[in-house]
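Peer 1: Below are the structure tokens for one structure; questions will follow.
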Amino acid sequence: MPIILGYWNIRGLAHSIRLLLEYTDSSYEEKKYMMGDAPDYDRSQWLNEKFKLGLDFPNLPYLIDGTHKITQSNAILRYIARKHNLCGETEKEKIQEDILENQLMDNRMQLARLCYNPDFEKLKPEYLEGLPEMLKLYSQFLGKQPWFLGDKITFVDFIAYDVLERNQVFEPSCLDAFPNLKDFISRFEGLEKISAYMKSSRFLPRPVFTKMAVWGNK
């Protein structure tokens, strides 16, 4: 039976999961839930199923793989990564992996909070002002390595790609001062399975957020 990935019909938190499923050549199907238009943003497609799937903590995204039913995007990523040996191996790598995973989630949520805020236009300059400092830390961490933990790709590279690339969509010039981050994105997109997925009809780079967002809702 194929894996089932459930999420809104957007990029959102599922982007790195979809990329990891594709990279690992996993057999999966998507259950994409539609959200209604303003002002109600009807979520009944999801709410009608929310408590019928046997999820311990019902939420989107969810992944069902046989008897394994998982919510929380990073828990889903770690589950797939463990199956395919895409986690850090040494204690140092595991520590770096944990730090990166959480740091990336913090920065992902920073952008999301801004883009859902009614005062988006007022707050945007402050976000852009802090963006170079944020990206500089990732650039320093990556250094001359091909991947964030070294020579081996791991699941945190999939999160990093998503976070860095969506910031590039938000502010196209933001990576210009960080050639190693631009190279990282090119390297990731050049992976055979990823490149094929990006050319397929399954690829969903937009909308970044739901219809409730001020930016990234289309």
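A Cβ is built for glycine as well, from the same backbone N, Cα and C atoms used for every other residue.
The model shown is predicted, which means the values in this text are computed figures rather than measured ones.
Below are the features listed in Swiss-Prot for this protein:
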- 2-88: domain 'GST N-terminal' (DOMAIN)
- SER27: phosphoserine (MOD_RES)
- SER44: phosphoserine (MOD_RES)
- 90-208: domain 'GST C-terminal' (DOMAIN)
- TYR116: substrate binding site (BINDING)
- THR210: site 'Important for substrate specificity' (SITE)
Peer 1: Of the recorded positions listed here (SER27, SER44, THR210), which is spatially closest to TYR116 (substrate binding site) when Cα positions are compared?
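Peer 2: It is THR210, whose Cα lies nearest.
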Peer 1: How many helix, strand and coil residues does the domain 'GST N-terminal' (2-88) contain under DSSP?
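Peer 2: Helix, strand, coil within the domain 'GST N-terminal' (2-88): 27 helix, 20 strand, 40 coil.
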Peer 1: In DSSP terms, helix, strand or coil for the residue listed as 'substrate binding site'?
Peer 2: helix
Peer 1: Which residue counts does DSSP give the domain 'GST C-terminal' (90-208) for helix, strand and coil?
Peer 2: 83 helix, 2 strand, 34 coil
Peer 1: Roughly how many Å separate the Cα of SER27 (phosphoserine) from that of THR210 (site 'Important for substrate specificity'), to the nearest whole number?
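Peer 2: So the Cα of THR210 (site 'Important for substrate specificity') lies 26 Å away from that of SER27 (phosphoserine).
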Peer 1: Report the same-chain neighbours of THR210 (site 'Important for substrate specificity'): residues 6+ apart in sequence with Cβ closer than 8 Å to its Cβ, ordered by sequence.
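Peer 2: Within the chain, THR210 (site 'Important for substrate specificity') has Cβ neighbours under 8 Å at TRP8, ILE10, GLY12, MET35, TYR41, ASN217.
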Peer 1: Please compare the modified residues SER27, SER44 by how many other CB atoms fall within 10 Å of each one's CB, and tell me which has the fewest.
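Peer 2: Relative to the other modified residues in SER27, SER44, SER27 has the fewest Cβ atoms within 10 Å.
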Peer 1: Can you tell me the mean pLDDT for the domain 'GST C-terminal' (90-208)?
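Peer 2: Mean model confidence (pLDDT) across the domain 'GST C-terminal' (90-208) is 98.
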